[in-house]
Amino acid sequence: MEKTTQRKMVTTAMLVSILLVAIDTTIVTTAMPHIVEQLGGLNLLSWVFAIYLLTSSVTTPIYGKLADLFGRKSIFIFGIVLFVIGSMVSGMAQTMYQLIIFRGFQGLGAGAVMPLTFTIIADLYPGEARAKMQGVFSSVWGVAGLLGPLVGGLFVDHISWRWIFYINVPIGMVAIFLVLSFLHETPLEKSKKIIDYWGAALFTLSMSSLLFALISGGQVYAWYSVEIILLFTAAITFLTAFLYVETKAQEPMLPLSLFKIPVIAVSNAVGFVASGVLIGVNVYLPIWIQTLLGHSATSSGLTLMPMSFAWPLASTLAGQFMYRIGSKATAVFGAVLIMAGSAWLLLVHTGSPYWYFVGVMVVIGFGMGFSFTPLTVLVQSAVGWNLRGAATASNTFSRSLGQTVGIAVFGTVFNNTMNQSGMAQGLHVVFILVFAISMVTLLISILLPSHRSIMAQQNAD
């Protein structure tokens, strides 16, 4: 970075950008019943979330590579512009199919904004200041979880659901202006860089085939139809080819050697399944509150707010817990809380009081904070400096992928059950599946290496 870069202005732009992307993950939740009422396509509901998560998560490592080759500024601007355009056309959607396509464009932009925000901040702030700023930016997700459902509910109840997308346009334009005006980079050395095109393409094809099969199964096509079988076959074939290409690539999109380190493999697995619990609760709990209890979109959004208070608080406490009882014990404690909250959700019925759902979100929120925070520390402690960025990215990607697959699986189960037994039964089955996944989260957390084995691995590296 050149000295002419104005850190405060660029930092403001980064905060605005990451807040936009983070809120967009939650703001749509409370608006979905109204969107479905106007556009139709209830059976396509899960696609609205899944396509955004898929395009953003799959493109994240690709944008990271491009930023190293062509500079942060140009790739970041490309991403935020794409996100703003996707937001504008999403608000203009006239059918559910159009909304799904436009949400995909939003995700393509978000895939650049999420990783490059943290990269640019790391470039701007050295040493101790960098650690403090990364902490500030990490807390944005808690703020987003608080504001997203509330703002979404207010727009739906008092203006229009379309404004949950339109609001991104002027705010995004401010971020673009600040980055263009105040972020100045040192010209990169002109040398030929190797891009893992094949790896990126094969991974995208594999994950897209898998997701489409999961969402379409039992709805668009029968589970044992030729189409679904071909999609699963394509997913396996492309994934196999991807793994082979990554072993040969000079600069692989995802270094497979990272997953041979036990603590990273287990931590990523925990993040993957726990993220499935998170997306299941965030998407389907508001649907229960609005459709079965008759509450407003604002009211259902307020139900999700306790998690946004509990999560950051637990993350702060987790730092102290890790010093006293160790990272593994802290992560296991978080997984126990996640399972407890999910078990509580199993007892829900149409006569359950409003505070019941608030309690569920508090417990699960504390669980997520105690679980995710040590996972990041464990992953970063398992490798040296030269692999720490890639290791952290693999953990982040695992969580995104967990949400993507989770929403696809939950959507399939919900649609299939609802068509046969009604809305209440469909949601109950989703909550049962959430609890089952929370049990898997706890079991995998127990497999995390102890503090001593992690330190031994670190010393060996």
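Using N, Cα and C of the backbone, Cβ positions are placed for all residues, glycine too.
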Between 42-62, 105-125, I'd like to know which one TrEMBL lists as transmembrane segment. 105-125
Under an 8 Å Cβ to Cβ limit, what residues of the same chain, 6 or more beyond the ends of the transmembrane segment (163-183), are close to it? 5-6, 9-10, 12-13, 16-17, 20, 24, 27-28, 31, 72-73, 76-77, 80-81, 83-84, 87-88, 90-91, 120, 151-152, 155-156
Can the transmembrane segment (330-348) be said to touch the transmembrane segment (221-245) if we require at least 3 CB pairs below 8 Å and skip pairs under 6 apart in sequence? no
Do at least three CB pairs under 8 A connect the transmembrane segment (257-284) and the transmembrane segment (429-448), leaving out pairs fewer than 6 apart in sequence? yes
